[in-house]
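First comes the structure, then the notes that go with it.
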Protein chains: 2
Amino acid sequence: MTVEPGAEFALIGAHFAGLGAAREDVLLGVGDDCALLRVPPGQSLAVSLDTLVAGVHFFPDCDPHALGHKTLAVSLSDLAAMGAEPAWATLALTLPASDPAWLAAFAAGLGELARAHGVRLVGGDTTRGPLTITLQLQGLVPPESALRRDGARAGDRIWVSGTLGDAALALAELQAGRDPDAALRARLERPTPRVALGRALRGVASAAIDLSDGLVADLGHVLAASGVGAELQLGALPLGEAVATRADWSLALAGGDDYELCFCAPPGRDGEILALGQRLGCRLTPVGIIRGDGDALRCLLPDGTELNPTRKGYDHFAGA
Amino acid sequence: MTVEPGAEFALIGAHFAGLGAAREDVLLGVGDDCALLRVPPGQSLAVSLDTLVAGVHFFPDCDPHALGHKTLAVSLSDLAAMGAEPAWATLALTLPASDPAWLAAFAAGLGELARAHGVRLVGGDTTRGPLTITLQLQGLVPPESALRRDGARAGDRIWVSGTLGDAALALAELQAGRDPDAALRARLERPTPRVALGRALRGVASAAIDLSDGLVADLGHVLAASGVGAELQLGALPLGEAVATRADWSLALAGGDDYELCFCAPPGRDGEILALGQRLGCRLTPVGIIRGDGDALRCLLPDGTELNPTRKGYDHFAGA
């Protein structure tokens, strides 16, 4: 229990004051006991908080600009999965020491993505300790059009955005001491949160979740919340070239960190969804169907046989 | 970069789901990508985030029930200083390992204080790593009656609640290997946030701040934000018996962690403030006056001489 190096850490705080987009609904930002924010009538507040720990969620020596980007991207992805419009962030940064170059790069990476999504950093806390980053992002969504996990119904089609397994492959390459190519590495280190897609799916999708833990685990949360089962067509999964050549289903099914969206919608919305994907320049692929007869998730191989008979069977992917 | 022990940590999450008071304005709590919260019209959202790091802000072996209490108390104190009504919390808990007894006690300490203040835990993230706790608390306050730091005016009286320096003395005792008596120790480990006082000071106080870093540092923030100076009468400072017998001004002036409120108000409000203190059972003491002639904080000893000539002069307290 030591005294904080006050002046030094106050300086660090100054790095983050005013980061991100200017917003008129910030009545009071960094520099008082609380930030004061105006929530417009008709909107509910959507709140998500995520922690990244050095050595657990990222390599301690990773590029701080990319880390700043990813810190916000992870939370933007949660808001996207809710159909919410991002607005305000707060940042808790625990640092072993003050490193101005590292901080400047981290702040730049976070700030660029914040500005791109209209997000303002309104407060935070900087402390000394093992490198740990917690960001809370707050956004707005009319409560009746929020995309929840519990709305999937039998007969709904299951969709995913982008491609699956890229981040897991990049991580496997890095862990094996190999250098993944830049595009693949960016999928792990600089994920693209699907904010515009989530927004556009209001009133279209019956349920949504973002893919942070892998398709099987995350779709499993939707099934559990909605009380339904599902059938995935593995042959339909959208795979990037590098992942496709590996012929390893676990990359796409259990690989985390893709930060794509998985959502459900009645088949009658197919045309609308495909058009929406084209308008946003975002690949959207139907990968299966929600079933009402039991809560199991069945994964069908291209030859029609089943990869695993019950949801329990996917547990062996968890450590893959 | 290791894979999270998913099941184990999901279990930890379950410890915190539903913690705190029931609130009708929680449209969606723990268990989706975001929590969804309803902000009533006419209220602005007051947001505060604080991090506690083991070995920096608390002894790693400290009582987990007290730590749970303090985690929330620190943020409640920020909301109190804003005059805001606490509402919703999110918790980021980074733990070296799963320790069910520790977690149960931590959750109980946090939950008891949450219920007492009508706060609901609506989300969070549990990760593995060095023990670090970040809590974000959100509350409500009409924007026009929020207590800010920048409203102090020349002639305002300066008030503090409770007594000063107790937490610093308890810390000094513990660091010296002595065991402070239970009441003194509670002032460090189980601070009482002045939520009802902050709420009652709406429309009365011209500025307010909570005392987390010590009176000189925290009042200094008010002076800087308001562009004014001040004169403190050290003989008027409310000291508990243990602190008074030490005759060490630095305990009350630079000791942090008291979580009392320091606020300013025109002298015309004196009677109202004293009545308010009586109603709340909270000692309120006038300790000085805001001056318009320069931005210095002068500390006057009981004999009328000055303890330090300029605000700069207090820096030597910072490490005390």
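Going from the start of the chain as shown, residues are counted 1 onward.
Placed from the backbone N, Cα and C atoms, the Cβ positions cover glycine too.
Unlike curated records, TrEMBL annotations are generated automatically.
Record features, source TrEMBL:
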type	residues	note
BINDING	A:Asp33, A:Ser48, A:Asp78	Mg(2+) 4 binding site
BINDING	A:Asp33, A:Asp78, A:Asp210	Mg(2+) 3 binding site
BINDING	A:Asp50, A:Asp125	Mg(2+) 1 binding site
BINDING	A:Asp50, A:Asp78	Mg(2+) 2 binding site
BINDING	A:His57, A:Asp257, A:Tyr314	substrate binding site
BINDING	A:Gly124, A:Asp125, A:Arg149, A:Ser212	ATP binding site
BINDING	A:Asp213	Mg(2+) 5 binding site
DOMAIN	A:31-140	domain 'PurM-like N-terminal'
DOMAIN	A:153-294	domain 'PurM-like C-terminal'
Proximal to chain B - binding-site residues among A:His57, A:Ser212, A:Asp257, CB under 8 Å = A:His57
Quick one: DSSP breakdown of the domain 'PurM-like N-terminal' (A:31-140) into helix, strand and coil?
-> 36 helix, 44 strand, 30 coil
Going by C-beta under 8 A and a gap of 6 or more residues, the same-chain neighbours of the residue listed as 'Mg(2+) 5 binding site' are A:Gly256
Write down the Cα-Cα distance for A:Asp125 (Mg(2+) 1 binding site) and A:Ser48 (Mg(2+) 4 binding site), rounded and given in Å.
-> 17
A:Asp210 (Mg(2+) 3 binding site): nearby binding-site residues from A:Asp33, A:Asp50, A:His57, A:Asp78, A:Gly124, A:Asp125, Cα cut-off 10 Å | A:Asp78
Out of the binding-site residues A:Asp33, A:Asp78, A:Gly124, A:Ser212, give me the one sitting nearest to A:Asp50 (Mg(2+) 1 binding site) by CA distance.
-> A:Asp78
Distance, A:Ser212 (ATP binding site) to A:Asp257 (substrate binding site) (CA atoms, angstrom) = 5
What counts of helix, strand and coil residues does DSSP assign across the domain 'PurM-like C-terminal' (A:153-294)?
-> 65 helix, 27 strand, 50 coil
Here the Cα-Cα span from A:Asp125 (Mg(2+) 1 binding site) to A:Asp33 (Mg(2+) 4 binding site), rounded to a whole number of angstrom, reaches 11
